[in-house]
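Colleague: Dumping the structure here so I can ask a few things about it.
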Amino acid sequence: MELNILSLLLKAIRGFHILGALFGTGAATLEEILYFRDIRDGKIDEWEARQLRITYKIMRWSIITLIISGVAMVAILRFKYSPAVLYDPRLVAKYIIVGIMIINAVLIQFKKIPMSIASPLSLTSWWAESILGRWRGLEASLYVIMIGYFIAVVVVGLILYNIKKLAMRPKNLP
């Protein structure tokens with residue numbers, strides 16, 4: 001009976017965890033879309049800034065949800081299974097990426113990181129969390145996962161840089 005209650009609790013917590021990841025990933029993606037739409041005229045007005053602040057709040061609440069539900073899931077998994085389950089490379093990569101997300105958010109809050117670095121780091125981290133969370137059969141080492149993540153950050157950074165150049169381009173140029 002105890003294991004049934006534990007299994008139900010784990011499913012409920014996992015549901016909140018998935019919702020946190022989905023809302024965070026959606027907010028990070030929407031933030032980039034809104035930002036590039038808003039900078040076309042060279043400035044961000046109050047209405048546009050308010051929309052961006054809403055996406056930041058959603059991301060903050062989502063990361064809090066991820067942390068709380070993640071800690072709860074780890075505790076239950078540790079109790080229900082052997083400690084070895086906690087050292088799965090996919091799970092360890094998620095720990096590291098959440099840590100990067102938290103550090104990035106703090107640096108953004110205190111304006112200690114350029115947005116040209118923070119933005120691709122945030123967007124890639126949210127997507128990586130969501131993908132790693134759903135990719136159950138991934139057979140890769142932590143090293144391979146993290147190299148892939150850092151390559152993705154660079155690629156996303158280059159893509160966002162080029163989108164920004166296009167968005168800021170004067171209208172009279174081809």
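Placement of Cβ uses the backbone N, Cα and C atoms for every residue, glycine included.
Predicted automatically and left uncurated, TrEMBL annotations should be read as such.
Quantities reported herein were computed from a predicted structural model and do not represent experimental measurements.
When I checked TrEMBL for this same protein, it listed these features:
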- 16-37: transmembrane segment (TRANSMEM)
- 58-79: transmembrane segment (TRANSMEM)
- 91-110: transmembrane segment (TRANSMEM)
- 141-161: transmembrane segment (TRANSMEM)
Colleague: Which sequence-distant residues neighbour the transmembrane segment (16-37)? Criterion: at least 6 residues beyond either end, Cβ under 8 Å.
Modeller: 44, 48, 51-52, 55-56, 58-59, 61-66, 69-70, 73, 119, 122-123, 126-127, 129-130, 133, 160, 163-164, 167
Colleague: Apart from its near flanks, which chain residues at least 6 from the ends of the transmembrane segment (91-110) lie with a Cβ under 8 angstroms of it?
Modeller: 59-60, 63, 66-67, 70, 85, 118, 121-122, 125-126, 128-129, 132-133, 142, 145-146, 149
Colleague: Are there residues at least 6 beyond the ends of the transmembrane segment (141-161) whose Cβ is under 8 Å from a Cβ of it, and what are they?
Modeller: 32, 89-90, 92-93, 96-97, 116-117, 119-121, 123-125, 127-128, 132
